[in-house]
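Trainee: Sending over a structure as structure tokens; questions will come in a sec.
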Amino acid sequence: MESKSFSKPTRTATVIVGTQFGDEGKGKLVDYLSDKYDIVVRYQGGANAGHTICFDNKSVVLHLIPSGIFHEGCVCVIGNGVVIDPVALLEEIKKVEELGYDVKGRLFISHNAHLIMPYHKRLDSLHEDAQGEQKIGTTGRGIGPSYEDKFARKGIRVVDLLSPDVLQEKLRENLAAKNKLFRNIYEKEEFDVEELVRDYSEFDKIIDPYVTNTQLYLSRQLKAGKTVLLEGAQGCLLDVDHGTYPYVTSSNPTSGGACTGSGIAPNYVGKVIGVVKAYMTRVGNGAFPSELFDETGESLCRIGHEFGATTGRKRRCGWIDLVALRYSLTVNGVTEIALTKLDVLDTFEEVKVCTSYMLDGKEIHDFPTDHPTLSRVTPVYKTLKGWMSSNAHARTLDDMCPEARSYVTFLEDELQVPVTFVSVGPGREETVYR
């Protein structure tokens with residue numbers, strides 16, 4: 001019998017993942033790479049994440065729409081793994097259009113993405129308040145409760161906005177249960193079912209032009225040879241399965257989540273770029289072994305403008321942690337590293353790197369995956385010489401001053417993954433790309 005020849009996957013999809021606690025600078029990398037890709041996909045999270053993009057003397061924060069929207073010709077997709085606040089989405093579309101960029105025909109939203117409703121936001125705040133000292137540090141945007149409904153099989157999806165009868169039935173069913181909680185447990189005012197039905201029934205005509213089966217769309221585009229860039233929100237150490245549980249987000253920012261959150265098959269993924277901030281930050285509660293509580297930590301916060309793009313909250317700051325990074329690179333299968341915010345370290349006489357932990361008097365090199373153990377470790381540091389000068393002019397590694405270049409190559413050697421991108425300033429052009 002004659003053997004048949006079948007086409008093989010093109011492996012033209014690239015995944016960008018945060019390797020730390022989020023806020024690594026993924027937005028700049030996506031913005032920088034977007035003109036090299038046909039499609040950019042957001043695959044998980046919601047409006048709890050903020051990607052800051054700096055270009056043309058403007059600084060723009062996006063929470064839902066992929067950063068590629070600012071590159072003409074680039075198509076943007078919000079995947080099935082994202083939870084969407086319809087009000088926030090429409091506000092963001094309006095903001096992008098006011099900046100002079102077309103959105104219709106360039107933005108597609110998965111019909112299977114779940115919605116964040118007003119009662120999710122209230123539940124988020126009430127749940128957090130009830131935790132007392134054990135608060136997670138949620139943004140209060142309703143992300144967790146929306147994912148709870150999704151996995152309880154009670155969620156309302158984007159496609160339901162297009163069917164008024166279905167939407168009304170699901171809203172009534174959900175509010176019957178939620179209002180009991182508000183009334184009997186939290187002693188709060190109930191939501192008006194009729195008002196919510198009326199308000200959300202108006203979204204069908206507005207959102208309809210953007211809604212499609214993005215799983216099929218992406219599969220067909222990949223088979224046609226198109227290139228796809230997948231961007232996650234938050235970071236590996238906040239992943240609900242692989243992060244510092246329970247101080248985590250409610251989804252999977254890891255590279256595996258890129259496939260489930262977009263519908264793209266794994267064999268289309270050619271490379272995984274891990275975004276690494278040159279130091280570390282964390283928002284909210286949870287263990288942070290290399291956190292600094294002194295003037296150095298304050299300096300990192302001040303120079304790095306480390307305040308949440310979504311909440312405005314001050315971020316906790318510390319030195320880069322190679323133990324955590326090795327774990328993240330392994331979990332995500334990272335093939336190359338994008339090093340960001342190197343410029344924040346420009347004024348430090350010395351820079352420290354956490355190379356291992358001490359636990360109960362013993363040195364360990366593996367990242368503890370249970371939070372009680374992680375909270376007991378202390379960092380072991382290696383001190384490197386600072387460079388005390390700007391590298392904003394650099395466009396190649398050779399353009400950088402020797403000490404900054406040594407810092408990059410030290411990380412590369414320790415992590416055994418090539419550093420192919422170095423951000424030496426906030427601007428799109430302030431980039432070393434190897």
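A Cβ is built for glycine as well, from the same backbone N, Cα and C atoms used for every other residue.
Annotation comment: Swiss-Prot describes 22-28, 50-52, Arg315, 341-343, 423-425 as GTP binding site, evidence class sequence analysis. Summarising the annotation, Swiss-Prot assigns active site, proton acceptor to Asp23 and lists sequence analysis as the type of evidence. Residues or ranges marked as IMP binding site in Swiss-Prot (evidence: sequence analysis): Asp23, Glu24, Gly25, Lys26, Asn48, Ala49, Gly50, His51, Thr139, Arg153, Gln234, Thr249, Arg313. The Mg(2+) binding site feature in Swiss-Prot is assigned to Asp23, Gly50; the stated evidence is sequence analysis. The active site, proton donor annotation in Swiss-Prot covers His51 and rests on sequence analysis. What Swiss-Prot records for Ala309, Thr310, Thr311, Gly312, Arg313, Lys314, Arg315 is substrate binding site.
Let's see these features in context: how buried, what's close, how far.
Mentor: According to its DSSP assignment, Asp23 (active site, proton acceptor) is coil.
Mapped onto three states, the DSSP output places Asn48 (IMP binding site) in coil.
DSSP assigns Arg315 (substrate binding site) to coil in the three-state reduction, outside any helix or strand. Counting only same-chain residues at least 6 apart in sequence, those with a Cβ under 8 Å from the Cβ of Arg315 (substrate binding site) are Asp23, Thr281, Arg282, Val283, Cys301, Glu306, Phe307, Gly308.
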Trainee: Compared by Cα position, which of the binding-site residues Thr139, Gln234, Gly312, Arg313 is the closest one to Lys28 (GTP binding site)?
Mentor: Gln234
Trainee: For Thr139 (IMP binding site) and Val424 (GTP binding site), what Cα-Cα distance in Å is obtained after rounding to a whole number?
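Mentor: Answer for this pair: 29 Å between alpha carbons.
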Trainee: Just give me the nearest neighbour of Leu342 (GTP binding site) among the binding-site residues Asn48, Gln234, Arg313, Cα to Cα.
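Mentor: Its closest listed neighbour, by Cα, is Gln234.
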Trainee: Using Cβ-Cβ distances, find the residues under 8 Å from Lys314 (substrate binding site) that belong to the same chain and are at least 6 apart in sequence, listing them in sequence order.
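Mentor: Those within reach of Lys314 (substrate binding site), by Cβ under 8 Å and sequence separation of 6 or more, are Cys301, Glu306, Phe307, Gly308.
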Trainee: Tell me, if you would, which residue among Gly22, Gly312 (binding-site residues) has the fewest other CB atoms within 10 Å in the structure shown?
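Mentor: With the binding-site residues Gly22, Gly312, fewest surrounding Cβ atoms within 10 Å: Gly312.
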